[in-house]
Amino acid sequence: MKKLKLHGFNNLTKSLSFCIYDICYAKTAEERDGYIAYIDELYNANRLTEILSETCSIIGANILNIARQDYEPQGASVTILVSEEPVDPQLIDKTEHPGPLPEAVVAHLDKSHICVHTYPESHPEGGLCTFRADIEVSTCGVISPLKALNYLIHQLESDIVTIDYRVRGFTRDVNGMKHFIDHEINSIQNFMSDDMKSLYDMVDVNVYQENIFHTKMLLKEFDLKHYMFHTKPEDLTETERKEITAALWKEMREIYYGRNIPAV
């Protein structure tokens, strides 16, 4: 896309929001309580603050304020307000490619807020437990929050991810013409690294004329031992392993497709 010479500030708002899900099987009530306590501690407000603060570092933003809260009986929220920084337009990368990984860092952000909320959940029947984290990165200016996507998905490894990206508003060039998007994008997938894309089955639902992009991700490989909490698959009977595997896959597909699947 040809570089635009703008009249005043770039007034486009770019919002990236995604849900990540972690699924687990806990055989007993004690194990279910243990999983909820474990995941709640793993993603407590302090840990989430570290992840989001590193995100700000990656995109080169100044943190103005941090509001964080752990909730009872479970869950946490963190919101970070970020200030704009001077940006040299010549240094802005508007190409469609993956953002940095945790070990690679440099981009600039004009203005942003970043927030995350967590939702651990379980049910006494079936032994299935889920953990959901909702994350939103919203910016005003020349940089797309998609540059933070790769890092955040790597940090919050998950079984299912649903991602939404939208560009709102408009900005004007020096001739007064309105521009409703200032960068090229065909798919959110183009902002993910190859190793990330190789791990997931993905599908896009995009409304290009409205600058709305949606991608869903489902982990390809399934190893039962990674989904058991304090129980080893070898300690179960073959029938139990098959039943638990079927229940986990059904749960994951229902979340991925956003609808209940009738039992066959």
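Glycine is treated like the rest: Cβ placed from N, Cα and C.
So that you can see what the record holds, here are the features copied from Swiss-Prot:
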type: ACT_SITE; residues: S112; note: active site, schiff-base intermediate with substrate
type: MOD_RES; residues: S112; note: pyruvic acid (Ser)
type: ACT_SITE; residues: H117; note: active site, proton acceptor
type: ACT_SITE; residues: C140; note: active site, proton donor
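The separation of C140 (active site, proton donor) from S112 (active site, schiff-base intermediate with substrate), Cα to Cα, is 6 Å. Each residue contributes its Cα atom, and for H117 (active site, proton acceptor) and C140 (active site, proton donor) these two points are 22 Å apart. DSSP classifies the residue listed as 'active site, proton donor' as strand under the three-state reduction. Cβ neighbour count for H117 (active site, proton acceptor): 18 (other Cβ atoms within 10 Å of its Cβ, all protein chains included). Take the active-site residues S112, C140: by the count of other Cβ atoms within 10 Å of each Cβ, the lowest one is C140.
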